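Participant: Taken from TrEMBL, the feature region 'Disordered' applies to 79-190. Per TrEMBL, compositional bias 'Polar residues' is recorded for 80-97, 115-140. Taken from TrEMBL, the feature compositional bias 'Basic and acidic residues' applies to 104-114, 142-152. Under the heading compositional bias 'Acidic residues', TrEMBL lists 166-180. Among the features that TrEMBL reports, domain 'Protein kinase' is placed at 200-454. Among the features that TrEMBL reports, ATP binding site is placed at 229. The domain 'AGC-kinase C-terminal' annotation in TrEMBL covers 455-509.
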Ligand SMILES: Nc1ncnc2c1ncn2[C@@H]1O[C@H](COP(=O)(O)OP(=O)(O)OP(=O)(O)O)[C@@H](O)[C@H]1O
């Protein structure tokens with residue numbers, strides 16, 4: 001794990017703890033840092049400093065005790081038991097042993113990958129095989145010089161805001177500021193139900209982010225488990241992320257798709273913003289991928305198809321997601337994915353200019369500040385498919401700047417035994433000239449859907465979750481947290497009430 005500091009031209013600085021996202025031991029001389037850029041407004045400058053840059057890569061991300069220490073390389077052979085849902089803020093202890101067998105030594109690469117699939121898998125428990133790196137030959141993605149941008153393409157960066165009392169299904173993107181400055185309070189009505197923060201019992205932290213944390217909660221009214229994202233307003237203000245947080249909330253209110261996270265309710269008090277989601281108990285695709293080393297073509301195809309379905313939907317609403325990567329893909333109990341973290345998502349008019357994303361997944365036009373559109377998500381899909389099939393991303397360096405150079409060079413190293421049809425799709429997605437990038441041409445997402453790698457798919461079946469998931473998470477009950485890392489509950493920051501003037505900045509949240 002290391003800490004990166006991201007500074008943008010407008011003075012925005014984001015300090016983020018990072019667990020090295022690269023696969024273990026590959027590339028042996030290249031492993032190192034990875035960072036996430038935070039979106040700034042009208043920002044075109046990047047400065048990333050890896051403060052701690054380690055040589056080895058963790059296979060699981062461990063955040064226990066939040067000590068900022070290096071993530072462990074040892075694999076948990078036992079699995080943590082289901083959380084005691086009656087206890088508040090209790091940290092689970094590891095007990096029973098339920099390892100998934102994983103002797104991959106005699107198997108082909110695809111078989112190795114397949115062995116963790118089609119079975120109940122605990123994201124944090126099974127032992128893993130090492131990634132076998134086959135020799136590579138160099139090929140170049142055909143990329144052409146991008147066209148210059150037109151100044152009048154600049155997107156209006158302000159997205160819609162809505163009054164607190166609406167039902168969240170409105171797709172209108174006009175602003176409806178709450179002029180009165182009236183607080184949305186923590187008692188609001190949605191879909192006939194009056195919600196209150198007191199209805200939610202916090203059980204355990206399952207994730208931490210830049211401004212706060214995500215906790216498993218129990219809704220005492222419906223008795224359902226949910227995830228509560230808690231964002232400290234002081235941090236949101238300090239990092240100049242007010243509009244982005246509002247974007248996130250507003251976009252989440254607008255969307256409804258089987259493969260995107262569902263926002264149940266949102267509110268605030270004098271210190272924090274709160275978003276309540278359905279709880280996705282299988283954990284992150286990232287963990288499964290790192291544990292498996294790589295996925296088979298079939299498994300990668302399944303996840304890619306669900307993502308294509310979701311991107312197609314988001315783009316039809318003029319929403320670009322901008323943060324596609326395995327860390328943001330959660331696996332539900334049924335094995336289907338849920339895209340989470342809409343913190344960088346944006347409602348488009350044409351192109352937008354803000355620099356944000358995770359270095360390995362950033363499209364060339366973002367680095368070059370040319371303004372970017374939906375095409376960036378198709379680029380990121382190419383990176384994701386490559387990472388699923390190979391086990392590490394196509395553009396990698398210890399420092400973000402090196403990653404950007406590689407992205408712009410258009411050179412990709414291909415594994416010799418890679419599925420040639422998948423490779424063809426990746427090549428067509430990782431085209432530097434976005435006007436020639438699959439997904440961003442006149443037929444839009446249909447070009448991706450019609451690619452040969454997806455030829456056996458019925459897209460209605462994909463949408464209706466009729467495909468058989470390759471991995472079923474090892475989940476014992478709906479509130480099971482064993483597929484997430486453990487986070488210390490001792491480091492909750494004291495809540496700081498912000499003053500009335502600052503609170504008004506969040507009137508429409
Ligand atoms: N609905 C959910 N169900 C289960 N776990 C979740 C859910 N939402 C988020 N998480 C977990 O919490 C983590 C942090 O969530 P999220 O990425 O939304 O926070 P963030 O503050 O935007 O993080 P970042 O600063 O990295 O962007 C996720 O990576 C995931 O592991």
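A Cβ is built for glycine as well, from the same backbone N, Cα and C atoms used for every other residue.
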Participant: For residue 229 (ATP binding site), which residues of its chain lie six or more apart in sequence with Cβ-Cβ distance below 8 Å?
Facilitator: 209, 212, 213, 214, 274, 275, 276, 277
Participant: Tell me, roughly as an integer, the mean pLDDT over the domain 'Protein kinase' (200-454).
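Facilitator: Mean pLDDT across the domain 'Protein kinase' (200-454) comes out at 93.
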Participant: Does DSSP give residue 229 (ATP binding site) helix, strand or coil?
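Facilitator: Strand, per DSSP.
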Participant: Please count the residues of the domain 'AGC-kinase C-terminal' (455-509) that DSSP assigns to helix (H, G, I), strand (E, B) and coil.
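Facilitator: Secondary-structure composition of the domain 'AGC-kinase C-terminal' (455-509): 12 helix, 4 strand, 39 coil.
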